[in-house]
C-alpha cells in the first residue's frame with residue numbers, strides 16, 4: 001500500500017475510534033470488519049463519486065414489501081414533542097403509526113443516499129422521563145399517488161433494509177394493502193426545506 005505498518009495501524013485505530021470498523025486479534029494477525037456505520041459511510045462516498053462521474057437521477061425509487069411492525073409507530077408518532085414539529089415542518093400531523101417496508105437489498109445504495117441528504121429534521125426531545133431521538137423526513141409518493149414521507153430514525157429496532165413511511169392518511173386503508181403487498185416509494189433528490 002506504500003505506507004508503513006505503523007501508519008496503517010494508526011489509520012485502523014482512527015477508523016475503529018470512529019466506529020467504522022472493528023478489529024480482532026487472530027493468530028499472528030488481525031481481522032478487520034466493517035461496521036454498519038462504516039458500510040453507510042462507504043455507500044455515502046460511493047454515491048458522491050457516482051454522482052460526480054455519471055448523470056445524477058432526479059429521484060430515488062425504492063421497491064419493497066409491506067410488513068407488520070411492533071406497533072410502536074403509533075406511540076412515537078403521537079408524542080407531543082413530535083406532533084407540533086410535524087405540523088410546523090411537514091404541514092400535517094401524521095396518522096398514528098408508521099408503514100414498515102422491507103426493501104430489497106439492492107436498494108442499499110439508495111437508502112444510504114437518503115441518509116447522506118439533509119431532509120427535514122424533526123428534533124429529538126426529552127419529556128422528563130425519557131429521551132426521544134431525531135427523525136429525518138423525505139417527501140415522496142407511495143405507488144405514484146399517496147403523498148408520504150419516508151423517515152430515517154436516530155433510534156430504531158429495524159434493520160437497515162427496512163424503511164418507514166408516514167402520511168396524514170391511513171395508508172393501509174387508502175391503498176387496501178395488506179402485509180406482503182408490493183409497493184414503490186419515489187423520493188425526489190431535491191428536497192425543499
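Numbering starts at 1 and runs along the chain as it is shown here.
Backbone N, Cα and C atoms are what each Cβ position is placed from, and that goes for glycine too.
For the recorded site, residue 73 (CDP binding site), the DSSP three-state label reads helix. Look at Swiss-Prot and you will find 69, 70, 71, 72, 73, 74, 169, 170, 171, 172 tagged as CDP binding site, backed by similarity to another entry.
Sequence-distant neighbours of residue 98 (Mg(2+) binding site) (same chain, 6+ apart, CB under 8 A from its CB) are 69, 73, 76, 77, 151, 164, 165, 166. Residues or ranges marked as Mg(2+) binding site in Swiss-Prot: 98, 100.
Residue 164 (FMN binding site) is surrounded by 21 other CB atoms, counting those within 10 A of its CB over all protein chains shown. Among the features that Swiss-Prot reports, FMN binding site is placed at 156, 164.
Look at Swiss-Prot and you will find 1-59 tagged as region 'H-T-H motif-like'.
According to Swiss-Prot, the region 'Riboflavin kinase' annotation covers 60-193.
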**Asked** What are the helix, strand and coil residue counts for the region 'Riboflavin kinase' (60-193) according to DSSP?
**Response** 32 helix, 48 strand, 54 coil
**Item:** Rounded Cα separation (Å) that holds between residue 71 (CDP binding site) and residue 100 (Mg(2+) binding site)
**Value:** 10
**Request:** Other Cβ atoms within 10 Å is the metric here; tell me which of the binding-site residues 169, 171 scores highest.
**Result:** 171
**Request:** For residue 71 (CDP binding site), just count the other CB atoms lying within 10 A of its CB, please.
**Result:** 9
